[in-house]
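Below is one structure, written out as structure tokens; the observations come after it.
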Amino acid sequence: MLTKFETKSNRVKGLSFHSKRPWILASLHSGVIQLWDYRMGTLIDRFDEHDGPVRGVHFHKTQPLFVSGGDDYKIKVWNYKLHRCLFTLLGHLDYIRTVQFHQEYPWIVSASDDQTIRIWNWQSRTCISVLTGHNHYVMCASFHPKEDLVVSASLDQTVRVWDIGSLRKKTVSPADDILRLSQMNSDFFGGVDAVVKYVLEGHDRGVNWASFHPTLPLIVSGADDRQVKIWRMNDTKAWEVDTLRGHMNNVSCVLFHARQDIIVSNSEDKSIRVWDATKRTGLQTFRREHDRFWILSAHPEMNLLAAGHDSGMIVFKLERERPAFSVSGDSVFYVKDRFLRSFEYSSQKDTQLIPIRRPGSNSLNQGPRTLSYSPTENAVLVCSDVDGGSYELYVVPKDSSGRGDTGQEAKRGVGGSAVFVARNRFAVLEKTSNQVLVKNLKNEIVKKSVLPIATDAIFYAGTGNLLCRAEDRVVIFDLQQRNVLGDLQTPFVRYVVWSPDMDAVALLSKHSIVIADKKLGHRCTLHETIRVKSGAWDDNGVFIYTTLTHIKYCLPNGDSGIIKTLDVPVYITKIYGNTIFCLDREGKNRPIIIDSTEYVFKLSLLGKRYDQVMSMIKKSELCGQAMIAYLQQKGFPQVALYFVKDERTRFNLALESGNIEKALESAKKIDEKDHWYRLGVEALRQGNAGIVEYAYQKTKNFGRLSFHYLITGNLEKLSKMMRIAEVKNDVMGQFHDALYLGDVQERVKILENAGHLPLAYATAKVHGLNDIAERIAEELGENIPSLLGKKADLLIPPSPVLCAGDWPLLMVNKGIFEGGLDDTIRDGHEDYEEAADADWGESLDIGEVDNMQNGDINALLEDEDDQEENEEGGWGLEDLDLPPDADTPRTAPHARSSVFVAPTPGMPVSQIWAQRSSLAAEHAAAGDFDTAMRLLSRQLGIKNFSPLKSLFIDIHMGSHTYLRAFSSAPVLAVAVERGWNESASPNVRSPPALVFNFSQLDEKLKAGYKSTTAGKFSEALRLFQSILHTIPLIVVETRREVDEVKELIIIVKEYVLGLKMELHRRELKDNPVRQQELAAYFTHCNLQLPHTRLALMNAMTVCYKAQNLSTAANFANRLLETNPSNENQARTARQVLQAAGRNMKDATQLNYDFRNPFVLCGATYVPIYRGQRDITCPYCSTHFVPSQEGQLCTVCDLSVVGSDASGLRCSPTQR
């Protein structure tokens, strides 16, 4: 059995595969229906409207529907796209066992404990037929895949076949009134639209399941008599063919395999059995330890099965479908239908060569697994799992390429793997002795070599070399020199693909691909959520691979992408240009044409072949959001500009790349306030004063515009802004402008007109405008404000550093792509020169206001009132103030074409740290806390990060230092690197310096020992827990130090567990039995010898006082065996032994057996004796009773008990 997907849930009673999508429905005994994606391993949706168990569920073949039936007597039809139940069919009077859609008609068949079978029309939502005849619960009912038949099984010990041909005719054929009347009468008096065709009797107990063969006139049934029976039928009768015996309990479900001549059954005996339908013998049995099986389901189109059991379900295949093949030059050799065949790529000629021996055993998965070919000798090695692993050596005759039907006796042998390593030598893996046997073509042993690691498979790695696979690593072994050439830690490798020049290798695992060089130097690792199936190298050095659903590529730097979507899985054999040759699961060679433009473009960008990049851009062969995002991610937003037609995206990219000209072009076309604002912000950052001014004008942001004129020293325009504010009756704007200008008289005038006479008086008086102050004082009368004792300061606007024009811009060279890619470059230069002659200062020239007399302002305001109806939120003089867009320049007048953009900031050191490392401590130092937490969760199962929060902050702060440049600039953060020195290259970045190191933990450990000896248990516990919390954020350099860190975890864990038990014991005042037990358990913690003696002394004392003399004597013996240096301890132990010798009995029974080895549960503090089931914490490895699974570990207070984790990573040497 090849398990593809497994779930854990309540008991699964119903299953159904989707015909097209990788989905499966599981109906549970709890009443929930789950929709799973078995390829991705994710729960898509859940439906829980049923009240009680749901025993039957089925997908419609073409519509987005499924049907369910449950113990609430209801049949529900659901639309999974709408995520809801469409309607409910009522009519059954008891539990509904199964439901099924018809392949063609709008029918549903349902079986129920009310002893009936009902057929429903789900379009009209009515019951169209009731099939009665069973006299006990009907356990299942299903339509025949092609004929008008229904088969049902019942606890009345019969299987019935029903003919529903009349029902089809009545439903499908139009009937006249007379026929319709006769049908109504027949329906009223007992319909004849469904009649029993056969009653199959033969089972001795109730029948649980019956199903049709997909093509042959056969039925298979399973019953409570533990038998599986096969029945044959013809037009007139049906009879029992054979009985399959082997199940040890009730047979729950049984069905024919759609693609193979086998029967699959499952049972309450916790097994799935596979039977040969022709020979009627058992082929294989798959067992579960604790779970009874209830349901089986077969995929309608693929070679997949699913089985539901007490604690979930499994999706599985019975046999591998990957054909064994080997590529050599222009040909691929492969096995199909027990023949060795060759396919020539250039001529696409397929040739049958020689027959391959049929496997002798009856079990599954005995076909060829791998194939190795020697081109010079024309010899083929075929490996299979027969006899636990064996090989067959065939020499293909030179003249056999025509008929391929001449048999020959193969040379056979036993071995886990066999592969050619030279022209006439092949290596065979002997797993029992962990050595490789080198043999010649006569199958004689030439040499034996012991392998350097425990190897379970070998692969070709060049002439005379082998790639040896262990569970978590691979090595390249030189058979001649007998030494290791390369070593790499990887996930479990399934396939190995070498590049044509043997310079690179791809190691394919279930969900990952590792690319390495010929010495196994790691280049990149790629992770996939869907299973990786095959791969090959193309001429450009790009690795092309397939998953179950896609053809994808992997660049040398680890970037990947999708080339093509697949309908069915294929296995790549060779790549020629844009043609991929592959084998499908039927063993057919298929050429697939692909578009390689995307990955060739990325490869050119990666290799800095910019001429090729420019050529591809000009041809416009690429587009799409994915490519734009890739270019942005890789730091080429200016290149992405040339792929984009959408102006909003172009605007964003132009801002990101600092191309203010392109941003201005796009902003004009978009002409939205938000985009003008963002353009102004970027132009201000670059110091392009002209565009800042223009952007503020477009957004009519007069406050910012006034301040802009102030800081650029353009007082002339600032005074115009004040007059505009006056015309617009914007009092605050007018006052601000007067304040910026330092115009005191204008400020007094504004305050006086606004009615703020006290403020106007104070302003005039303070600034020495006595005439105006006296005039205002007369108006105020007695309300004159007192200004005595106030010291006045004249407000004068500061002098700008630079008056008008742009700020100094950094002169940088244009990028490699600029100019060569700009399709409007010539026109652009003309516009640029024309714009350079324009006077940005005139854009707010309000000549009409200049020429007005004082009395004419009212006329202007009247004109403004007339235009208010047509205004779009602007102000009345807009058309007079702003020039047409066509005259708007792109840069300031004195700018030159060489002034472009500020250089793109380099990658922060912290980002480099995060990209290069898989160590949580270095991610935390970089400030990437989220990734650090994900790493710790994946590596150690940590879910509680509260104790680590302060450590994260300390690490991050400690790996940076902070500098002040000058008062108006922000503080600069500078990364502190580990092992930095002055001679180091500035372009090479070292890992971060960390505030925590192993020596600090050593000091804490000694302090913890000291506190324990002194009896300060709370203080010792705090120190030991602090060590446990710090270890995940420690980085060491060598393998030896890694082992020391792992050893430290075990030491500290024992102390934390022991101290927690002892502190808990001291809290128990009124439970002497439990006190004794905890004291006894404390002695079994692996402590330092002085502490072990103290624990034994403590336990001996507690038990002796409680008159448990036998147990106290045991502790005394153990204490004396340690040869205590303290004479008082030894004397006390001897006295206890002497006293206990007179009465070797225990007053109370303890849950403690020192003769039976045990470990302690970290939560409940009870012993888990050898042989009892337990679970562990993935970090500190503390043991727990099974009921604690999913709870937080009480010892480390970090990890979830029983969770999956890859293990501690604390060194860059742990790849």
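The backbone N, Cα and C atoms fix where each Cβ goes, and this holds for glycine too.
Unlike curated entries, TrEMBL annotations are predicted automatically.
The shown structure was predicted, so the numbers you read here are calculated from the model rather than taken from an experiment.
These features come from TrEMBL:
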REPEAT    47-88  repeat 'WD'
REPEAT    89-130  repeat 'WD'
REPEAT    131-172  repeat 'WD'
REPEAT    200-241  repeat 'WD'
REPEAT    244-285  repeat 'WD'
DOMAIN    340-584  domain 'COPA/B second beta-propeller'
DOMAIN    613-772  domain 'COPA/B TPR'
DOMAIN    814-1214  domain 'Coatomer alpha subunit C-terminal'
COMPBIAS  864-884  compositional bias 'Acidic residues'
REGION    864-894  region 'Disordered'
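Residue counts for the repeat 'WD' (131-172) under DSSP (helix as H, G, I; strand as E, B; rest coil) come to 8 helix, 20 strand, 14 coil.
Sequence-remote contacts of a segment are chain residues at least 6 beyond its ends whose Cβ falls under 8 Å from one of its Cβ atoms, and for the repeat 'WD' (200-241) they are 136-137, 139-140, 142, 144-146, 149, 151-161, 247-256, 258, 263, 265, 267, 269, 275, 277, 280. Summarised by DSSP class, the composition of the repeat 'WD' (89-130) is 0 helix, 25 strand, 17 coil. Look at the repeat 'WD' (244-285): DSSP puts its residues at 0 helix, 25 strand, 17 coil. Averaged over the repeat 'WD' (244-285), the predicted model reaches a pLDDT of 90. Taken residue by residue, the repeat 'WD' (47-88) breaks down under DSSP into 0 helix, 24 strand, 18 coil.
The repeat 'WD' (200-241): residue composition by secondary structure is 0 helix, 25 strand, 17 coil, according to DSSP.
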